[in-house]
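According to TrEMBL, the protein carries these features:
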- 215-253: coiled coil (COILED)
- 303-319: compositional bias 'Basic residues' (COMPBIAS)
- 361-373: compositional bias 'Basic residues' (COMPBIAS)
- 393-410: compositional bias 'Pro residues' (COMPBIAS)
- 14-84: domain 'FF' (DOMAIN)
- 104-164: domain 'FF' (DOMAIN)
- 230-294: domain 'FF' (DOMAIN)
- 302-429: region 'Disordered' (REGION)
Amino acid sequence: RREIYLDSIRNMQKKEKDEEKRLRRKNTNRLTDILNRMTGIRYDTTWAQAQKMLLDNPAFADDDELLSMDKEDALVVFEDHIRELEKDEELEKDRSKKRIKRQYRKNRDAMIELLDELHEQGKLTSMSLWVELYPTISGDIRFSNSLGQPGSTPLDLFKFYVEDLKSRFYQEKKIIKEILKAKDYEVKTVTSFKDFAAVICDDNRSASLDAGNVKLTYNSLLEKAESKAKEKQKEENRKMRKLETSYRSLLNEFSVTIDTSFESIKGKLEGEPAYEALPTDEDRVRVFREYLKDMEETCYHNHGNKKKKKSRKMKKRSISHSSIDSEEDERGFGIIKEKKRRRKYSDSESSLESEDEYSRHSKKKSKKVKKNHSSSESEHGSNKKKRKSKRPSSPPPLSPPFMISVPPPISSNQPKSPGEASIEEGELSEEELEMKRMQLLKELNEGDRD
């Protein structure tokens, strides 16, 4: 009996456990279905908020089994449901990001299509600037759609597009040269871009070429042609200078002067290699005139240097003459002052007899003294005038050497002027001068008595 009882107890316990499991599984599934149908529950909904929503839901509130459900089991079901919602939210975010990125990429592709259209129209080239094309680009809806999004901006796309065109320059330049070679066309200094482009466009390979690269290639070939022309011109000028030098040497051999005319010497020059080497008569006449001009300038330069040297010599001579005159004047004045000083301090002791003896002689001497004094004054005045005249207000004119007047040497045999004679007499006979002074004083005293 005991064993039967125990077996029955075990069977009842097992049934109860199985029933609990079944009921637990049933409530879990029903709660999961209710939570899935509730749209108000999101991935960030809390357990407290979810309980309030479940009590407001009739499917949960009217079910006694769900109301008696274990809270831990209900919480586990809610957590599993929230995890599913979070996964769905992450997937939705990823899908949204991808969708936005796809739209951004479509906007950029549309912007590149706009640039392609402008390039096909010839408006956009490798030499284009954003400032030039902005009015055209900004009016398109594809430009507006690409604004405000992350990544490359419309300006960046424009720069990348232009850089890509520039990177194709050397490849397209090679194609252009092949086209020119096939057509046997050479770019010269007078070739216009219009003619150059017409030759390139006749070839089918020009369809993929950029207009800017075509222009750059034209500029490069034109610069090369101009440099060749300059080198050629330099070589021609060098040869021409060599011919002109030979022609000048020929003119020098024929002793051509400033007064020589080309017609007078043309017959002599004909047949000479240096003369015939010049291409035209205009060149021969031009070089001949330049030769005469250079000769004239050389003569003028040499003559000017000679005149400068002569003027310097004249200035030195005038300065030396003026200094000599001034020294002579100073010496003359010094002698006269010395005589006056000696006259003031001279001794007045002389006998009356000597005065009588020399009375007549003193009269003659007094006349000579007056004449000498007047002549010395006139000579002093003339010296002053000479000094004034020798101070030129303007530089003296240049004169040839044969026009310079050199004073003749003073000979000892020439007669001396009265002034010079009086000065020499005063220097030799000072006593006679003192006697003359005394005689004059005596005559003056006698005149006062009368």
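Glycine is treated like the rest: Cβ placed from N, Cα and C.
Note that TrEMBL annotation is computational and uncurated.
Long-range neighbours of the coiled coil (215-253) within the same chain, counting only residues 6 or more positions beyond its ends whose Cβ lies under 8 Å from a Cβ of the stretch, are 125-127, 169, 172-173, 176-177, 187-189, 191, 193, 196-197, 269, 272-275, 277-278, 283-284, 287-288, 291. Helix first, then strand, then coil: DSSP counts for the domain 'FF' (14-84) stand at 56 helix, 0 strand, 15 coil. Under DSSP, residues within the domain 'FF' (230-294) fall into helix, strand and coil as 51 helix, 0 strand, 14 coil. Regional average pLDDT for the domain 'FF' (14-84) in the model is 86.
For the domain 'FF' (104-164), the DSSP-based tally of helix, strand and coil residues reads 42 helix, 0 strand, 19 coil.
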